[in-house]
Amino acid sequence: MTHFIFVTGGVVSSLGKGISAASVAALLEARGLKVTMVKMDPYINVDPGTMSPFQHGEVFVTEDGAETDLDLGYYERFLRRAKMTKLNNFTSGRVYQDVLNKERRGDYLGGTVQVIPHITDNIKERVLRAGEGYDVAIVEIGGTVGDIESLPFMESVRQLMVELGHKRTMLMHLTLLPYIKSAAELKTKPTQHSVKELLSIGIQPDILICRTEYDVDADTKRKIALFTNVEARAVVVCKDAKTIYQIPRGFYEQNVDDLICERFGFTDLPEADLTDWDNVVEALLNPEYTVRVAMVGKYVELPDAYKSVNEALLHAGIKNRVKVQIDYVNAEELESQDVSILKTADAILVPGGFGERGTEGKMKAIQYARENSIPFLGICLGMQLAVIEYARHVAGMPEASSTEFNRSTKYPLIGLITEWLDERGELQQRSLESDLGGTMRLGAQKSELVEGTKTREVYGKAEITERHRHRYEMNNRFIEAIEQAGMKISGYSSAQHLVETVEIPEHPWFIAVQFHPEFTSSPRDGHPLFASFIDAAKTQHQKSK
């Protein structure tokens, strides 16, 4: 029987609902419970797959190929025993699309289709389905309490809490305690009004997570409890931390897990063992020294556009006991700049992306890394550009390009994938006329790594499974020419022999991959490719001293 914890936010956005929810999930998992998480997004887009990174940040790809909210990345990084799927994230757009399709088919037998019950029933069905087979499902509602877009979700939560009952549901509400410097005190009124807004919907919070920059004394906690109908011990202070990976320990010290276990009747559970999290925090806060990675992209003004890459580099720093400082380099600006901006870098990374804008700047950075023996990692488009750069400057194909940028190029090193097998082994076919949304090669795919290559050495095995998100791929017609020039194809897809990884054997560390290894990195386990990349950056750092 699944128990549900619903997570809402009030006062302002960006309070950290996803991180707080994931920290609670990690705490419950540490007590032996089987936990999953769900994110409900109120926007009308069917999914974030076609949204600009400047609007939404990163699109996180699950193993089964869902394009989801970046919060699902937090969920997977904090949980070890649960992987997110298509069931774990849905939007208003997805719900309305489903309901309208049913109406067109006549499923409602001519009845009037309304928000209540049709939209709310669809939301409830999705929540219950996602929670099947788990002890606890933590469900985050995007946006802020009071937003008009989230009202159907709030009503669905209210109904579920009534239908499932007190012993199977809880509501955790995040709020802000602002500090007024002129009065030298924390203000509780915004929290009171936020809870009042919840109560007007018919929802009583059970736990309050109070975000603040300052310590909160017992009197303030009692005041909050009095005016919000919450137990004083359920008023939890979440003070700004040096790293988000300190949050599980902070919640543990305030007995959040005990509150939940008591409510749900979970008895005889072991105490939470947070040793792994303590080790992560210790390594993060006490690095031996700093290495610098230049990340060359076109969305660098918004670091959330590369959230999983940023986190994977952080995790690699943990594994190598160094601090990884990311120097963001605007690829478009680099096209007209001198490469001297890259001279302080111990390693260079070109992440994924779409479109021609900024590609010449990225290739300029790739060429610099190749010619100056700087460790280089290319991801998705980063691999495609590494191949094009090598073809232009080493393999004698000066007009090499991708058909994404130039359909009439003389040397189409990169072309549209027209056929591939998806994660279920089903044939997928695409053309230039296909819709943009949901039409890429998505999700986990198996690859075979070539024996004797650095990539195989890094992974330590012949077959790997990594997640993909792309429409274009290296053209196999040019494999022989590229390899004769000195670049090695070090990995192929198991099903269609598509190029998955390339490397330069004569370079100290130059690897580029078509997939997205950042999606499977975690703070406790890291990822072998990123760990090896930062190890190479350490070597480069020592050489340059």
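Using N, Cα and C of the backbone, Cβ positions are placed for all residues, glycine too.
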Task: Further ATP ligand in Swiss-Prot, beside S14, L15, G16, K17, G18, I19, K239, D240, A241, within candidate set D69, D71, D304 - done: D71
- [ ] Name the one residue among R249, R263, R471, R477 that Swiss-Prot lists for the same L-glutamine site as G353, L381, G382, M383, Q384, E404.
- [x] R471
Task: Among S13, S20, S23, S340 - the residue Swiss-Prot places in the same CTP site as D147, I148, E149, K187, T188, K189, P190, T191, Q192, K223 - done: S13
- [ ] Work through the recorded positions one by one (T188, P190, Q192, C380) and name whichever has its CA nearest to the CA of S13 (CTP binding site).
- [x] P190
TODO: Calculate the distance in Å between the alpha carbons (Cα) of C380 (active site, nucleophile) and T188 (UTP binding site), and round it to a whole number.
DONE: 47
TODO: Kindly assign I148 (CTP binding site) to one of the three DSSP-derived states: helix, strand or coil.
DONE: helix
- [ ] For Q192 (UTP binding site), list the number of other Cβ atoms lying within 10 Å of its Cβ atom.
- [x] 16
TODO: Mind checking which of K189, K223 has the fewest other CB atoms within 10 A of its CB? They're the binding-site residues.
DONE: K189
Task: Cβ atoms near C380 (active site, nucleophile) (within 10 Å, other residues, all chains) - done: 22
Task: Confidence summary for the region 'Amidoligase domain' (1-266), mean pLDDT rounded - done: 95
Open item on the list: Return the count of C-beta atoms lying within 10 angstroms of the C-beta of T188 (UTP binding site), excluding that atom itself.
Closed with: 20
